[in-house]
Amino acid sequence: MVLCPVIGKLLHKRVVLASASPRRQEILSNAGLRFEVVPSKFKEKLDKASFATPYGYAMETAKQKALEVANRLYQKDLRAPDVVIGADTIVTVGGLILEKPVDKQDAYRMLSRLSGREHSVFTGVAIVHCSSKDHQLDTRVSEFYEETKVKFSELSEELLWEYVHSGEPMDKAGGYGIQALGGMLVESVHGDFLNVVGFPLNHFCKQLVKLYYPPRPEDLRRSVKHDSIPAADTFEDLSDVEGGGSEPTQRDAGSRDEKAEAGEAGQATAEAECHRTRETLPPFPTRLLELIEGFMLSKGLLTACKLKVFDLLKDEAPQKAADIASKVDASACGMERLLDICAAMGLLEKTEQGYSNTETANVYLASDGEYSLHGFIMHNNDLTWNLFTYLEFAIREGTNQHHRALGKKAEDLFQDAYYQSPETRLRFMRAMHGMTKLTACQVATAFNLSRFSSACDVGGCTGALARELAREYPRMQVTVFDLPDIIELAAHFQPPGPQAVQIHFAAGDFFRDPLPSAELYVLCRILHDWPDDKVHKLLSRVAESCKPGAGLLLVETLLDEEKRVAQRALMQSLNMLVQTEGKERSLGEYQCLLELHGFHQVQVVHLGGVLDAILATKVAP
């Protein structure tokens, strides 16, 4: 609560965070700050050797990030933001500055250097106040840094590589995230924990106090320490306009003492009321409102993809809203609002010339991009969205809602719900293809699979994962096993290339037909579709096909054991309720299932994105 008055000074200002870091965004959002996110395009190529101290480098980088955003926004629409916040976090050990690793080998080198040693985490922060005068941008910069000492335990090579393969180190200074899996590497922390996460909130609030609440004479007489955040009542006494009303010139009857006592009593009552209000006033529910209204943003994105807005803008000059509207048979006013919210979400760029795609939109949202998620988005728009409108029924009944969404009972879930027509089958395959391509490299490299000369991707759909396995392991022959209706169309998703000779397609039902022979069986996002009895049936069939020493690679989204914190996995488990007969499971649940069917030596790698990989070995009975 003491932070609210400080943050409140920025409440009605246009505040911009010049950082794409989700951790910084979360820290500031949780503190009640309202802000836009405009990632800086400043190239972080400052000469580190030219700075006398590491924190000097961090502060200068933070300042340049903020100034770049301030200038870009002003040039864009000649309207300066009120405040731009820039930040840069670095890790230093032995005089060496460590930033974000460039690849997995670099991440391993960084973490090896930190093993068993104490290092410093510096975050430089720049607060840039902007104004315009005579059509010129004027900026005032306030900057500071925070240092936190962190000590790592002695770490084994195996543990370091397991963490590197999780993918978590790749976007973090020093190659670790203390707030997530990286916390297991840390032995002790001395200083501000949030500084290590990415933003020193406490010091930031102190800096706001210095900027917006300079010390008053009476504070100085009382030797108030302004390197700390003042108590809440200090803020209430301050205002943007000093002064107050004059005293009455005529005095009422009564003794001076009586009036003094009455005045003191009234003041005490007012102060008590003021304190009671401050103590009972809850923090502004920013995060809650985002959850309540978040579906609007999601539907905006889904609709833009449905109208193929990002296809129209790919590799094209900026276009006006009216021009785009005419191409998709939409109203100009409606299209302008849709494009504006897409720009606010960072999916489009908006200039005086019109709207254009961001790099994110070109890569992921245009339907012909190499890593396009357009098919996945259409699956969510055309099917998942409708199913979730019946979530209340799913919770009450404990069953999927295809019968309500489709108007008929699905006797065979996949045949009736996903493959009922060539169009719905192709939509489902495009959805699976997009998501699999996005994660296939992480899955294929999660473990060293070079000992296996053959693999069978059970339910492998378009063969996207099979192709990545073939690319990573040139000696491996990979068979994609799926239903005949899927195999019939799968070849359309396979681009030409040297991996084609390693990949084979076989049609069949994995619950009924013999599985192709292989040394490694892969079940990628298969088991979560099914209830326990069918999971046992499928694992039993895989186990029967395995010789001792054969491997089973499971790829799923793991729940945490207490089902409290793995938000994406918990969300997907709810998704499985409305869509399928299955559910998400924890590592402990999968380990029990695997051991029951003769698979042991269970290893797990958290892939850092949306999936987790489990590798187990079939042992002799």
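Positions of Cβ are set from backbone N, Cα and C atoms, glycine also.
For D482, G508, D509, F510, R525, the entry in Swiss-Prot reads S-adenosyl-L-methionine binding site. D482 (S-adenosyl-L-methionine binding site) falls within a strand when secondary structure is assigned with DSSP.
The compositional bias 'Basic and acidic residues' annotation in Swiss-Prot covers 249-262.
Note: S21 (phosphoserine) has non-local neighbours A87, G198, F199, i.e. same-chain residues 6+ apart with C-beta under 8 A of its own C-beta. According to DSSP, S21 (phosphoserine) is assigned to coil rather than to any helix or strand. What Swiss-Prot records for S21 (among others) is phosphoserine.
Annotation comment: Swiss-Prot describes S228 (among others) as phosphoserine.
The feature phosphoserine is assigned by Swiss-Prot to S239 (among others).
Summarising the annotation, Swiss-Prot assigns phosphoserine to S421 (among others). Shown in sequence order, the list is empty: the chain has no residue 6+ apart in sequence with a C-beta less than 8 angstroms from the C-beta of S421 (phosphoserine).
The feature region 'MAF-like' is assigned by Swiss-Prot to 11-223.
Sequence annotations record features per position, and here Swiss-Prot assigns region 'Disordered' to 235-279.
According to Swiss-Prot, the region 'ASMT-like' annotation covers 277-621. Mean pLDDT, taken over the region 'ASMT-like' (277-621), works out to 92 on the 0 to 100 scale.
Among the features that Swiss-Prot reports, site 'Important for substrate specificity' is placed at R23 (among others), with the record citing a curator's inference.
Residues or ranges marked as site 'Important for substrate specificity' in Swiss-Prot (evidence: a curator's inference): T89 (among others). Within 10 Å of the Cβ of T89 (site 'Important for substrate specificity') there are 28 other Cβ atoms, across all protein chains.
Other Cβ atoms within 10 Å of the Cβ of Q179 (site 'Important for substrate specificity') number 16 in total over all chains. For Q179 (among others), the entry in Swiss-Prot reads site 'Important for substrate specificity'.
Under 8 Å, Cβ to Cβ, and six or more positions away along its own chain, R525 (S-adenosyl-L-methionine binding site) finds V555, E556, L611. Every protein chain considered, the tally of other Cβ atoms within 10 Å of the Cβ of F510 (S-adenosyl-L-methionine binding site) stands at 19. DSSP classifies T89 (site 'Important for substrate specificity') as strand under the three-state reduction. The CA atom of T89 (site 'Important for substrate specificity') is located 47 Å away from the CA atom of D482 (S-adenosyl-L-methionine binding site). Considering only the residues assigned to S-adenosyl-L-methionine binding, D482, G508, D509, F510, R525, the longest pairwise Cα distance works out to 18 Å.
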